[in-house]
Amino acid sequence: MLLLGCIKEVSDYELVISLPSGLLGFVPITQISDAYSKLLSQQVAQGELPEGLNSLLDMYSPGTLVRCIVTSVEKSDDGRRSIKLSIDPKKVNKGLNASALATGMLLSGSVSSVEDHGYLIDIGVSGTHAFLPHEKAKNYIKALKRGPDLKIGQNLTCVIVEVKNGGRVVHLSIDRSEVAASLATEKQNWALSNLLPGLVVKARVQKVTPFGMKLTFLSYFTGIVDFMHMDPEKSMNYSPDQVVKACILSVHSGSKAVRLTLRPAFLHPGGSPNQLSSDRLGAVVEESTVKAFYKQFGALFELDDGTLAFARLKHLSKNRKSFKPGAFKAGCKHKCRIIDYSLMDEMCVVSLKHQIIEAQFLQYQDIHTGDVVQGKVFSLKPIGMQVKVADGIKGLVPSIHLADVILKQPEKKYNVGDEVKCRVLECNPAGKKLILTLKKSLIQSKLPVLTNYEDAKPGLITHGFVVCAREFGCIVKFYNDVKGLVPKNELSSEPISCPDKVFYEGQVVKVMVLKCEPPQERLLLSFRLSSKSGPEDKRDCPSKEKQEVKYQIGEIVDVKVLKKKDNGLEVSILEDEDNMVAWIPMQHLSDFVATSKLLWHCLQEGDVLPRVMCLSDKGEHIILSRKSAVISAVQEEQVVRSFSEIQPGMLLTGYVRNVMPFGVFVEFPFGVTGLAPKVSMSDKFVTDTKDHFVVGQTVIAKVMSTDEEKQRVLLNLKVSECSSGDSAAESFALLNQYFKELKEIRDLLKRGEPSMAQSLCELVPGKELQLVVQDVREDGSARLSGSCVTGLTVTATRYHVGEKNIVPGKKTKALVLHVDVPTSEVYVSLREELLKQRPKQVCVQCLDLCVS
């Protein structure tokens, strides 16, 4: 059977294809084309990547229409049918022969080689050489934005523009305008043996029924259009003998059944169907209206936003006995949940089942690393145990994670169907990969879950599990494949000569982070939670030959941004003959945490940052800071260079290195670190330390005491204790710096979309706007628009809508509450009490001038 499908997902080894009637099919990597399979075979034989072999992710993207042929229908372990497909032109176009090829024909092909003047295309016709000139491909390549050339194995929709030597040579085009204008005609001599899905034809309505209609096309063919493939805007207006444009969806050569679609998205070859917004998948619709009920198929609904949805019979009720057909008359309303979206039907798939509406997880994207989930044992295998978390969601519990100790006979502890509580070790929605643990020590742990290297701050204590014990120490793994080394000298306070005899694979352990280098994914740990070794302990570092230290701490340099990373900027130091590369952590872009994030968002590769200070140069990498307060402290010599220089009563400028439940660690230039205990953090009572300070925040700290033997410094961060006396001058200097950085951010913003940048720059909290209500959401919040907020997303939450009776199209006054620059989102209030008491606006530029 031949089908027109749409790529829904692309993974390393297969394509997931959306098929008509809400079905899914799978194209294995070996069913792309002969040329691509040949390259894969070379890779297996040679053990290395051959030239010209690209991954499926490099060649295919969701939303692309492809012609497929069903190769098999297999039954999976859970009883579901799995449709295996092929897009290999030799199988899809097997009904064509050289003599049948004609100008204007639309068919599938696959790139088999790249030549000087174009591409050789495999169209699956024996004895025919198909050539695609560069001229006929350049517009397609430009629009696709996947590099300068087509790739071997890439599937194409082609139009035959010239046939030579009785079909032995054909010239093709994939130009979008030529493909979109293609129309199958009688002159092309199509027969049922070679009729292809994706062909657009002129058809005549023969018969109209409640379930669809019958068409005739290409003189003597007949086909069916079912109710899901009528044009939604014209579904009630079709009549016999009416001429319509239709696209062939499927051809079954055995039964000679042809199905077509009248949906507009398919009537121009080379296009793609509409897609559902990702935030709608999984949404619960309180009131969906029944449009029609088909007793053999299911029910058609109209959702709250006007889109159509379909529920199969099995999803209309809990079971057959509880099903009541009378509840699905046209106009009846039901609560449902969007469980999928059929690209080929351009329609949501919904369920009315209570257990699905109330389900915690509907798709892999709903599950996060560290979540505790309930599931049922699905199967036991040598590599571990499969657990069904929800319909369509299964996870694997590896053998070492079946219990706190290694189970030799897990089948004695677990049976298929048992309810189990697991914790998510790793979740990869793209690859539908879910790794779970049944270790009670991990499931019941109240310690922080370590899911990335950036969160591994020195001093952090957490649970992990041993994956390797050798003479050098232990490798401990956490969540999301984060792992670190516990050196031999940090395994215990007592010497351990053979770690592999003390520790075992899978053992749950409590560790403390000593040191972490996120860019290199290096993590150093300790089992000695109460030992002296801490963030400042350097004994754990393996001896290395130190590289030359080129920049002194406190030295000022200019830098150029090379690369933006999630946690900072990679920069090159200007006027350095060796083009030294350095690192500015995000929190060191400014003294102000919020401003640091804004600056990171606005900066681009190639930007120059003047007057940046060297904070650390260990030879292997240089750390820089742009914190003005820290730079000023170093330049004015208001710093200590070693522990011996610290004296009680000193006021030092530093930055928060770590926030712990018992206090805050503060680091100063030249590497000295101190602790501000909970009682000395604030003039207010401190319940949770994280409510008062964040990592990277610039602070002024007062030295309370020192312990030379333990090399410890106790600090005070109370504002009342940390003022030098002239608090007004300090505050104005800080405020002046803040406004300077805001002006810098505004200048950087203006480089973007002019209208959006102008809007962002002009919007300040407290400003009154005249807006128009766009729509009101299910949760009571409203989305608004207006000429003053062009290109921005403006939202008023349910609380800030207040008692106002608002409807789409209504004009209203609104007060700006907050502007989120990175996401271009603006939050406003419509509440009358806030609009009446609107604070006076302050001109930032004027205030800037006054301060300076």
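Glycine too: its Cβ is placed from the backbone N, Cα and C atoms.
So that you can see what the record holds, here are the features copied from TrEMBL:
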type: DOMAIN; residues: 1-88; note: domain 'S1 motif'
type: DOMAIN; residues: 104-175; note: domain 'S1 motif'
type: DOMAIN; residues: 198-263; note: domain 'S1 motif'
type: DOMAIN; residues: 282-353; note: domain 'S1 motif'
type: DOMAIN; residues: 370-439; note: domain 'S1 motif'
type: DOMAIN; residues: 459-528; note: domain 'S1 motif'
type: DOMAIN; residues: 554-627; note: domain 'S1 motif'
type: DOMAIN; residues: 649-718; note: domain 'S1 motif'
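Each residue in the domain 'S1 motif' (370-439) gets a DSSP state, and the totals come to 6 helix, 38 strand, 26 coil.
Using the rule of three or more Cβ pairs under 8 Å, pairs at least 6 apart in sequence, the domain 'S1 motif' (282-353) is not in contact with the domain 'S1 motif' (370-439). Mean pLDDT for the domain 'S1 motif' (104-175) in this predicted model: 92. According to DSSP, the secondary structure content of the domain 'S1 motif' (649-718) in residues is 9 helix, 35 strand, 26 coil. Broken down by DSSP into helix, strand and coil, the domain 'S1 motif' (1-88) contains 23 helix, 36 strand, 29 coil. Each residue in the domain 'S1 motif' (104-175) gets a DSSP state, and the totals come to 13 helix, 34 strand, 25 coil.
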